[in-house]
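Engineer: Could you have a look at this structure, given as structure tokens, before my questions?
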């Protein structure tokens, strides 16, 4: 964290009070410095890198539309319907299970 301390010392005078915006910038800089130092260390593991990337890049706003598969798989609805019918014939509770799955996992806003 040596780089962060040098930055803090160079931007604050002894008698000044840092603003909330300035403190936030310092905290962000501390995090990025820590992340870079951690990634450069020999004890760093790939799962940690993946976790950091997911946290930093996970704020995606991609939207799926009803006609999303219209070009790549125009017969999708018929295929899904046929497979669900087969699954319900094999296991009577499957319809209720799928409905519950969609209600709890897919319709959350």
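We count from 1, first residue shown onward.
The backbone N, Cα and C atoms fix where each Cβ goes, glycine too.
All TrEMBL annotations are machine predictions without curation.
From TrEMBL, here are the annotated features:
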ACT_SITE  104  active site, proton acceptor
BINDING   105, 108  Ca(2+) binding site
DOMAIN    63-109  domain 'Plant heme peroxidase family profile'
SITE      100  site 'Transition state stabilizer'
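Distances, neighbours, how buried they are, the whole picture for these features please.
Structural biologist: DSSP gives residue 104 (active site, proton acceptor) a helix state.
For residue 105 (Ca(2+) binding site), no same-chain residue 6+ apart in sequence has a C-beta under 8 angstroms from its C-beta.
In this chain, no residue six or more apart from residue 100 (site 'Transition state stabilizer') has a CB-CB distance below 8 Å.
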Engineer: Including all protein chains displayed, how many Cβ atoms other than that of residue 104 (active site, proton acceptor) lie within 10 Å of its Cβ?
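Structural biologist: Residue 104 (active site, proton acceptor) is surrounded by 9 other Cβ atoms within 10 Å.
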Engineer: For the domain 'Plant heme peroxidase family profile' (63-109), what is the mean per-residue pLDDT, to the nearest integer?
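Structural biologist: Across the residues of the domain 'Plant heme peroxidase family profile' (63-109) the model's pLDDT averages 85 on the 0 to 100 scale.
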Engineer: Count the residues of the domain 'Plant heme peroxidase family profile' (63-109) that DSSP assigns to helix (H, G, I), to strand (E, B) and to coil, and report the three numbers in that order.
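Structural biologist: Its residues fall into 28 helix, 0 strand, 19 coil.
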